[in-house]
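> Please see the structure below; I have some questions.
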């Protein structure tokens, strides 16, 4: 069970270098399990016991498993996660020709750790919009092979490199993708033309625009002397997306279950497909009668907001409160912040702790040091947007926002088990 779940996560990470690809991967799994796609532009005809999913912007997804009881009686059991991760995104006019090399200008998306991006075998993926035969179309592309690198400057030329050398994103992060012959010009859009033909058999009249991100081609892996860890890119937060999907597809019971995987969390969630937009509320309203049905159903509902937590790093243990240091493989972490950076309260935390105990899953607590600031999640955003009671949780992780993060290999099974128990729970607090 644990090995199978971990391998499934590794496969999901490999297939999901961008939020667009992650959403497509989730949709494929749902369709294989009998879920039917709903188009927001059409009238919906849903029924008790139905299985559905909705996407928006190709980068956010809501999966719906309706029970036999009306949400007005039993509410919704919601699990929330996000599909995006910090990365380097290609600029609109990216070509940089310097000293015989072709580089691409990049914009930093989210709060990325810069240093780990150096000396990696990078590829490129995302969404391309183009015109073909006079028709406007979009397709996902993934170069898959390593096409770029950001080489470090040798220590001989930068003696202060190990003394906290600041990295300038504008000047030092553009990846090298090719050498140029003297006088040779480069057009990045021609490369995208070739990729569309190679990957989709489409000859584009013109590439109009794109949303493309570099990513590390090194596959995720189970590592450690005793296989204790999972190392890989985008664990924050595709790990939670994968856990939520596994729990949804395998949960027992007959409740109204929702999985929400939204884009743009790393940049504030303020978009038409992000948690700070209307996506979730609009979908839920379409599952309910008009009038006060939404307010009544949402007050019977609960959201588990799942986003990775900071595990105690042995080299930096003093960065944690001494009594609230989550351990890798120690189970899910309940995140608490009195200033509402997390939406957890005593009632929702107590309920989640109860689920863990009933499921024989270890559970931990996280509170940031009182002299340090605290990050946030989609939990408070969704709670304030929709009015749903929320508990913020996540699996402990090292190197969050690095190009390669680290989590415990036992924890995915822990999270899937307790989320399955949540989806199956007949009573909410």
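The backbone N, Cα and C atoms fix where each Cβ goes, glycine too.
Straight from Swiss-Prot, here's the annotation block:
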BINDING   82, 156, 401  Zn(2+) binding site
> Here are some binding-site residues: 82, 156, 401. Which one has the most Cβ atoms within 10 Å of its Cβ?
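Result of the Cβ crowding comparison: 82.
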> In three-state terms from DSSP, label residue 156 (Zn(2+) binding site) for me.
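Helix, per DSSP.
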> Please classify the secondary structure at residue 82 (Zn(2+) binding site) using three-state DSSP.
strand
> Reduce the DSSP letter at residue 401 (Zn(2+) binding site) to three states and note it down.
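Assignment for residue 401 (Zn(2+) binding site) reads coil.
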